[in-house]
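Structure, as structure tokens:
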Amino acid sequence: MTHPAPEPVGDPNVFFGQPIIAVAVLTILLSTFTAGLRVWSRAVILRIFALEDWFLLLGWFCATVFSAGNLAQLQTGLGRTLSKLSPGTLTIFLKLAWSMNIIYAVALTSVKISILCLYLRALRYSYVTVATKALLVIVILTHMWIIASLFTVCVPLEAFWDRTKYKYGSTYCHTFDVYWSHAGINIVTDFLIFMLPLTVLRKVRIPKRQQIALGGVFVLAFLVCIISLVRTLQFIHGLDGPTDRGTVIKACWTMAEVHITVICACLTTINPVLSRWFPRLWSVESDQTTKEEGQGVDTIGHARRHRGGTEDTELSWASRMRTSESKSERSSTVRGRPASVELAVVTEPKDSYRPLGSH
């Protein structure tokens, strides 16, 4: 039995960047689809487009540019043996690599700010609000430092991609400790952001199907943390095989991390679309009379009654109202007889109803 000859190590004609193409295309399509659903739900159905939505769009845009940049780098050396590149091609490759690091940092920063702003609207317990504000300040300060440190990766900056500009003793370049600190900050803030809602989720009562969907969102969220951790371990310990192949795998993990973060930020806000597509499986009737009496719960968005009596209510893992009374019972509630209403509450009892997105 014969075996194919192994690829020669260091051959500049050998291309091993095929995974970059598959991962980039797939992640762009998935994050664009979910971001589109979020925009449709928020701007079109609910007619709400708040600060967190703009940050989410910025994060999605940067994530898309990041993946497109990795595809562009395939033309400048990514997926090939870097040591065999010409000096001019290597300079272009390193310039793109530096630019992609900036875009990656901006993407993660924007999405994290978007998620925390959404928490401030949805999680109305005072201690959670304080914790969210504190975490928001931490994220802004630490991630601004990450971005600033990337602009000073070398002093002068040109020394990062042009080694002729590097002069021993008079040129400064970051040590690897700086990059490890970047990874550590990202991992810690990821875990804190995705664990913060767990402190109040036990108070939420929602239908079984939405409980399952909510669980899936958090599984996906913690997958982001795991991917970030795995990517960091690869940087620290290295990968088996040529370093250039390891660079390709790390790029794939990085694209997956940033796009899954965007997807997680979108999944909790697309209930209006799901309710229209799958009304029997997903829509939940909310109690309009409770709002009329001034009693209710905060939700991400608000319900609007359409012709025919149907309502669009944005999904919030943070809150959900459900009623089982008939229309006659509902009308009697208005006249003063209480109806059977189940509330999924994430506000303190003293809070009054204020639909999120209203100002």
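Glycine is treated like the rest: Cβ placed from N, Cα and C.
Given the structure is predicted, the values throughout are model-derived calculations rather than measurements.
Noted in TrEMBL for the protein shown:
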COMPBIAS  322-332  compositional bias 'Basic and acidic residues'
DOMAIN    37-276  domain 'Rhodopsin'
REGION    289-359  region 'Disordered'
TRANSMEM  20-41  transmembrane segment
TRANSMEM  53-72  transmembrane segment
TRANSMEM  92-122  transmembrane segment
TRANSMEM  134-159  transmembrane segment
TRANSMEM  179-200  transmembrane segment
TRANSMEM  212-233  transmembrane segment
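Long-range Cβ contacts of the transmembrane segment (20-41) within its own chain (Cβ-Cβ under 8 Å, at least 6 residues beyond either end) map to 49, 53, 56-57, 60, 63-64, 67-68, 70-71, 73-74, 78-79, 248, 251-252, 255-256, 259-260, 262-263, 265-267, 269-273, 301, 314. Proximity of distant same-chain residues to the transmembrane segment (179-200), defined by a Cβ-Cβ separation under 8 Å and at least 6 residues beyond the stretch ends, is recorded for 105, 108, 112, 115-116, 119, 123, 125, 128, 131-132, 135, 138-139, 142-143, 146, 149, 218, 221-222, 224-225, 228-229, 231-232, 235-236, 261, 264, 317-318, 346. For the domain 'Rhodopsin' (37-276), the model's average pLDDT works out to 85.
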